[in-house]
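Engineer: One structure coming up, written as C-alpha cells, with questions to follow.
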Amino acid sequence: MRGGMNILFVVYTTVGILSGNIVNYLAAKLHPWGWRLSLGMAGIPAVLLTIFSLIIVESPSSLIERGRDEEAKEVLQRIRGTSEVSGEFGELVGSCRKAQEIGNGGWKPFRKLFCERKHRGEMVVACSMPFFQQVAGNDAIMFYGTFLFKLAGFGDQAALYSAIIIGVCSFLSCSASSLFVDKLGRRPLLLFGSSLMASALVIVGSIFAAKLTGDVRKLPSTYSVTEVVMVCVFVVGFGISVGPLAWLIPSEILSQEVRSAGQSVTVFVNMFFKSIIAQTFLSMLCGFKFGIFFFFAGWSIVMAIFTLLLLPETKHVPLSRMDIVWQNHWFWKRIM
C-alpha cells in the first residue's frame, strides 16, 4: 500500500487541475463575464485551506520532536479513536529519538549524501528521477496540445477541450499508477510508461516532419486525429510512470540519515530543470522544429535504459532494509 498511498497525492493534484479546467470550460460559455467567475472561484480552495489550517491538529511526530510527548499521545489517541496507543506511541518516540541521534539537521545529511560512498546510489537516483521527469517531453506536448486539437477540428475551443481531455487522461493514468504500483512494481511501470512516451513523441515528430509543410490547415484529418491520440498516449505514459514515480522513488530509496537532504535535493533538481526547460524551450523549438519531439523521445529512451540497468526495485521492500537492496545490486555494490 505504501506506493499507492504516496501516489494519491499526485492523483488528487490531477483532480484539482481537472476541476479547474472544467470550471474554465463552463465559465467560457457565460460571455462576456465568465472569465470573472473563473478567476473568482479560484479563491474558494484558498479560503477552505485557510479555514482547515486553523482547525487541523499537529502530527504526533512533530509534537514529539519538539518535546511535547503528552500532547502527542493525546493527539494520537484522538486520531485512532482509542486510548490504547501505547505500542504505536512508543514506536513513534523511538523513531523520533533515533532520527535526532543520527542528526537530521544542518549540513550533516548533505555531507553524508554527497561525500560518503555508501550513499552514491541514493544520490544518483534522487537526482536522476526528477531530471527525467522534466526532460521526458511533457512541456513539448503541453505546448503543442492546443495546436494539435485545432488541427483535429476543435476550432476556437481547442484550448479548453485539450485541457479537459488531457486532464482526464492524466487523472486516469495517475489513478492506474496508484492501483498497480504495489502489484507490478516501480520498474515495470517506468519501462512501460517510457515506451509509450517515446513511441508517441516519435510518431508526432514524424508526422510533423512529413506532413506539416506550408499551410498547416492542409494537414489531412487522419493525421491530425492521430496526433491528438498520440498526445493522449503520451499523457497516459507520463501519468502512469515518471509523473508520480519521480516523487515516490526518491522517498523510498533514501536512508533515514540522509532522507531530509535527499528530499531537498530531489525538489531542487526538479525545480531547477523545470526552470531550464521553461527558459530554453522556445529557443530549442525554433532551432530543432519538429526535431524537438525526437530530442525528448531520446531522453525517454535514456530513462528506460537507466531504469533497466541502474534503478533498484523497491516494491515490498521495508525502508529499513533498503541498504541491503543497494548492497545486492549488480552495479552499485561495486562502487559503494
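From the backbone N, Cα and C atoms, a Cβ is placed for every residue, glycine too.
As annotated by TrEMBL, domain 'Major facilitator superfamily (MFS) profile' applies to 1-315. TrEMBL lists 7-27, 33-57, 159-181, 188-208, 228-249, 261-282, 288-311 with the feature transmembrane segment.
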Engineer: Do any residues, 6 or more residues outside the transmembrane segment (228-249), come within under 8 Å Cβ-to-Cβ of it, and if so which ones?
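Structural biologist: Distant Cβ neighbours of the transmembrane segment (228-249) are 3, 6-7, 9-11, 14, 125, 129-130, 132-133, 136-138, 141, 144-145, 148-149, 151-152, 162, 165-166, 169-174, 176-178, 181, 186, 189-190, 192-197, 199-201, 203-204, 266, 270, 303, 311, 314.
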Engineer: For the domain 'Major facilitator superfamily (MFS) profile' (1-315), what's the mean pLDDT in this predicted model?
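Structural biologist: Value for the domain 'Major facilitator superfamily (MFS) profile' (1-315), mean pLDDT as a whole number: 87.
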Engineer: For the transmembrane segment (188-208), could you work out the same-chain residues 6 or more beyond its ends whose Cβ comes under 8 Å from its Cβ atoms?
Structural biologist: 136-137, 140-141, 144, 148, 177, 180-181, 223, 226-227, 230-231, 233-234, 236-242, 245, 289-294, 296-297, 300-301, 303-304, 307-308, 311
